[in-house]
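Chemist: According to TrEMBL, the domain 'ABC transmembrane type-1' annotation covers A:117-331. Marked as region 'Disordered' by TrEMBL: A:1-41. Per TrEMBL, the feature transmembrane segment maps to A:51-75, A:121-142, A:154-174, A:205-225, A:262-288, A:308-334.
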């Protein structure tokens, strides 16, 4: 009797969440107190397991993301400067002062923020655009099986597998003016330039930063797109081929068509990551980047950790976050339309 | 049932592991043996060089007192952020040494132990220290939160052979410096008249301060408000940047020199005939293979008619974190490092000047060289402003000068207006800092 009851119990528990499954409710009193009144136990392992399993993640999420975000939001409303960093509660309330200081575009501070914003948008468009095109091209080439495909896949994924800092520091060496590999090739090898150009200061710094960021980002685009393409059934292509569709038509109508939802998610992810990119400019240029490469994140870092004005830095972070929420919102709207149309 | 128990068990283990991982703390201090942590900023030619110099001395201290010292050498690039994190969290070291430039800024955070009279008595009293060095320990009228440890000044190092080959004498005015540098520059062979720390933020602020002072400028007014755009400051920064922009006596590559040792390397290799650096560079040059007889030192010269300022009272101070649970042990350690014996040993190793009276600098047998450094400290040095914003001054003005050098290196024209605009931006950033 006992064996059969217990043996049945897990089955409904697996299909339902365990909370509203009738079978265990019926069976439990019978197994526990035969003939007694039905009493709901507030704790059962079946019911608690999903919550317990998710609890560590929730705690960590709260500790690492949610609480710091709330604290950051609060910081943006106080004058948290060097005088109050050991006792935040004494920092005077600034109201919207930090926000208005960030957004006063007639001051050099506001102008610099605006300029950083423009630089960041340009950087994001270029990095996301090129990474996506590279990723898509490589994924298309490697979609069909051929000799050496595995090797190429591995090769393409190396930048993604390398620790970010190690990769960027290597680029920093390559881009040095006097003894960098790039100038060695361009100036001494090919003789394209008479005088060695600077790649890490001045206007060239922007280009260098974009190249390094693409180098890091595109393998992710490639990986996602490659995985997406694997899920398109081969029959669809065969059917299209029988119907006389050219390779280009197959790519355009089948691959691109079926990849739409994946592309949408990928572009959103790449945009969010690139817009808040910090490692690349910080490792390449240090805390004082050239004007051409002064991304928003570095600007915020400067306000907070160099000028020790954490209130202002937080206000700028909140503004950055609001902008990204806006971008995500617009994406969600467009994507809804895409899904509906599809 | 077994499955359920197993699942629950795993859940409980995962949960327990995650909870303990958040709550676990680094092992507490042993009640029997007192252990203090010492963050030593990088003074030597490398972090290893610092460890080599400090470890035998620390061993001596441990033997004398029974107090254990955990040494961590911190590079300058990390020192401010690490200190900030320690100040905010209260989880820092017990003892730390800092650039005396940062002393007032760090004092304003309230994270450091104030050396009141009782504490000063424990380390031998205030009068043991050289006055100009002790003046850098905190804002005027406030209880100091740091104690001088090593003293330094800026000087102009020149390559004796390069000067002799051209029949030149060490410059006594800025104009002479520029003309000597021009004579010593041959860009086609990679030889330049002078090397500057073009991409180094803190050293660039030092230069802005020194040359601003030579031109009668001051970075702050009496009320402590920044005056970076005053004519003197603008003229001083332009004078410095012009070495690269108009005089062309500097290798443009210096715009990427973010570490002081890179400039030292150029000078030691003979690629630059002059080099403006602090006293402790003697040690760095020695590590780069340049011996003391190969160079001479004179005060950094001022333009004709300018104020004869060649340095500020630079150096390193030592502080105790207020959050330290071993203040007494930390005070013992500070007392040890500032004792006559250790001052003589450490300042010799670091080629810096002692901060206590009665101990003579003896990092060199060359008395002329020693006298020059002492003369610069007494006759050619001006103290840095003792205002809380000095750290931000360093970051913003230093950053502005680095940007100007980068502009000059990439072919940009540097006019008085360009300099003023850059300094104005730096000043506005200060406005938001207070």
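Cβ atoms here come from the backbone N, Cα and C positions, even for glycine.
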Chemist: Do at least three CB pairs under 8 A connect the transmembrane segment (A:51-75) and the transmembrane segment (A:154-174), leaving out pairs fewer than 6 apart in sequence?
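Modeler: When sequence-distant Cβ pairs are counted, the transmembrane segment (A:51-75) does not touch the transmembrane segment (A:154-174), since fewer than 3 lie under 8 Å.
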Chemist: With Cβ-Cβ distances below 8 Å as the criterion, list the same-chain residues six or more beyond the ends of the transmembrane segment (A:308-334) that contact it, or say none.
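Modeler: For the transmembrane segment (A:308-334), the list is 72-73, 75-82, 85, 91, 94, 97-99, 101-103, 113, 264, 268, 271-272, 275-276, 296-297, 299-301.
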Chemist: Counting CB pairs under 8 Å, which listed stretch among A:51-75, A:205-225, A:262-288 touches the transmembrane segment (A:121-142) the most?
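Modeler: Maximum Cβ contact count belongs to A:205-225.
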Chemist: Other than its close neighbours in sequence, what residues sit by the transmembrane segment (A:51-75), given a CB gap under 8 Å and a spacing of at least six beyond its ends?
Modeler: 88, 310-311, 314, 317-318
